């Protein structure tokens, strides 16, 4: 066709090929000759298709692919010029049916027709084609996307090698020309195309084959899908499902690690992504970086962090050199904890003087550091309790202006230490990373309130001191120094300071919940309470709206009347409705006998309020809290391990060893670091412009290729994990397919055995009635089906050893095709004759004894069915083997080919006669079963006649 003239090409383009109606039947029958005849043209030139019959041509090509008839498909592709749209849908059908060879042929056809680059671009533009609206596949589904969704690794690899990619979707708020055109053209198509694209990108096959680091790509994609579920609530279930797939994939990859070296390499490196932000959070000396694990915590990958491999690494680092800590008893741990609590000042003094000593190194172990900081915080809470008890003992002094600020502010020593600790934490983590943790936000609020309360107390003392020096402001001096509490203003600084101190004391004790995840039971309860508080905050918004509505309504009813002392004022009405929610309000407050209308409306509004708030909303809150607790309880292990991991990582950081309040004392090490920093800044002008004379060695860097062309060890480990995962997935797929076929054959075998037992019962019943025993029936009436099952089993045994995995399961029937019509006609005649015989003997009555005999015969014959069938099959197999061996011996001995052929034909004739007898026996057995089914009807007629 390359030598055709332009006139001939024009003639080809102008001539359309009509769809022959017989084409579908020829494809179903697999008649290649008929297919050639239907597609044959006068001059043998491939022609274009009629556009009005495009759907029919597509169905023909798709049918040949679904039937697995590659010969018909080759004839169609050779004799018809299919365009890109038809090849596109054919590719989808081939991928859907997992036919890798067909996919390869269609891809080669596309390469011949248009070129690889144009085809790849055309796949992404298929959404704008109206002709695919009636396709069985969703909009935006390309062959690569469909293969990824089905996790067909071979086909995905084949498509990616051909240059096929899945373009990354734009942001949901993108206003580029492509997105604008897609929304205006068809909004539903555009949305479905985005979902299908993300399904392909988030698949295990696409992440495994196309990503340099599949685990990191799964982390990032999981976070993006979680954000999309919030931005597009219409498709929230779909996005959350894909996010779960990404998390599971990362966990499965981590589970492919085989030794500690691979685990260390995976968890301690995360490539270039987020490396800069994580390097700033350095850990203590001797503790690995764990950059990938920290990235998983930041991306909220709970299943990955809670994996046993990650938890084992964290636990080993947490205990450090104290190898016996994890296996020790609770009594020993309590003894060590109490010892650290009592000797905390002495331990801090030792670390302050000798941080590199043996005791100093022990104090740097994360678990000891945790106990040290927890002991310090407990001392702080004891100080708060002591101050509260002191205020109660010296109530008169603290209630006046004569209180001593030092006696009520001893806790500020810890507050200053906490403030310095938080400043160092912000310096280490960074401001953005610091405020991601809600506990840090609580710390900032509590410290601000402590500092504000202390500042107001100091303000009162200073103001009274300076005002007393000014003789013109005597009244103000008396107010801030001698006035009793009853005469203070509402906005008095001391009142505000006392309120702030009370609130911060409450929040300080709740901060103790931060250390609860260290224990499994307490940590799970702490997580559940946090979820409950979240539900209560959402519930309070609804309660506030409804409560404000009834507050205004009921208050407006009673405002004109001053009869009720608890209603008619805004504050009193609010207090009344608030205690009504807890059942502690008197219902007689709404009564006004003198004003019937106002009383009726007030009672109705109060009743509706009680119904909605007390019965509906409060029960809804209880249900929400119960549901949240149940969710945490169902996944308690993952939630607790994730919370504990965050606690562990917070104590792995470098520095922050000295607990509060001893951290405010400058240590010799800190003084040395300060002096060294000042010296470097002074000498910076001499070294800042100098070039690096010793560049890093290539073999020491993780992100560069070695000189011998090998990948760095991190990428080698990632590729090894991905390869193991792909092999495991392929084995699991083959095992599932094998079990499915095996189950079907097992069910079929049981059905045949049951039919065999029924035939035995019928045989015994006929013999008991005096019928002569038929030799064919005595042998086995179900041997035909038995041979079918035997052939299927033998074929199934060698299923995994086939070279071609896509080859369909073949079962050989024990008869020739040309003799099928004759056997069917003979069987039909025998069945008709048997039915006539049964009709003539219909007058014979069947008693209950016959039924009992039938059941007894079934029970006797069923246990021996299998053995008899196996014995008969073995005898037949031996006979066939002997026949084959005789034929082979004659061939080897030099006998003539005609003699061998005659003997083989004679053997086949004998086998055909045996099969005819078996079919006749089966027909008679079926007629007997039909007669057995008619017995109850005749019996009922006989009884009715009497």
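A Cβ is built for glycine as well, from the same backbone N, Cα and C atoms used for every other residue.
What TrEMBL says about a protein is an automatic prediction, not a curated fact.
Residues or ranges marked as compositional bias 'Basic and acidic residues' by TrEMBL: 814-831 (among others).
As annotated by TrEMBL, compositional bias 'Polar residues' applies to 832-847.
The compositional bias 'Basic and acidic residues' feature in TrEMBL is assigned to 850-875 (among others).
Annotation comment: TrEMBL describes 899-914 (among others) as compositional bias 'Basic and acidic residues'.
Among the features that TrEMBL reports, domain 'Transient receptor ion channel' is placed at 174-236. If you take every residue in the domain 'Transient receptor ion channel' (174-236) and average the pLDDT, you get 90.
What TrEMBL lists as region 'Disordered' is 814-914.
Here TrEMBL flags 330-354 (among others) as transmembrane segment. Sequence-distant neighbours of the transmembrane segment (330-354) (same chain, 6+ residues past either end, Cβ-Cβ under 8 Å): 360, 363, 368, 371-372, 375-376, 378-379, 657-659, 662, 665, 667-668.
Below 8 angstroms of C-beta separation, residues 284, 287, 317-320, 322, 325, 336-337, 340-341, 344, 347-348, 410-411, 414, 505, 508-509, 511-512, 515, 518, 647-648, 651-652, 656-657, 659-662 of the same chain, each at least six residues beyond the ends of the transmembrane segment (366-385), sit close to that stretch. Residues or ranges marked as transmembrane segment in TrEMBL: 366-385 (among others).
The annotation transmembrane segment is assigned in TrEMBL to 444-466 (among others).
Distant neighbours of the transmembrane segment (537-558): 564, 567-570, 573-574, 577, 592, 598, 601-602, 605-606, 608-609, 612-613, 617, 620-621, 624; these residues of the same chain sit at least 6 beyond its ends, with a Cβ under 8 Å from one of its Cβ atoms. Among the features that TrEMBL reports, transmembrane segment is placed at 537-558 (among others).
The annotation transmembrane segment is assigned in TrEMBL to 604-625 (among others).
Remote same-chain partners of the transmembrane segment (444-466), defined as residues 6 or more beyond its termini with a Cβ less than 8 Å from a stretch Cβ, comprise 401, 405, 408-409, 411-412, 415, 418-419, 422, 477, 480-481, 493-494, 496-498, 500-501, 503-504, 507-508, 511.
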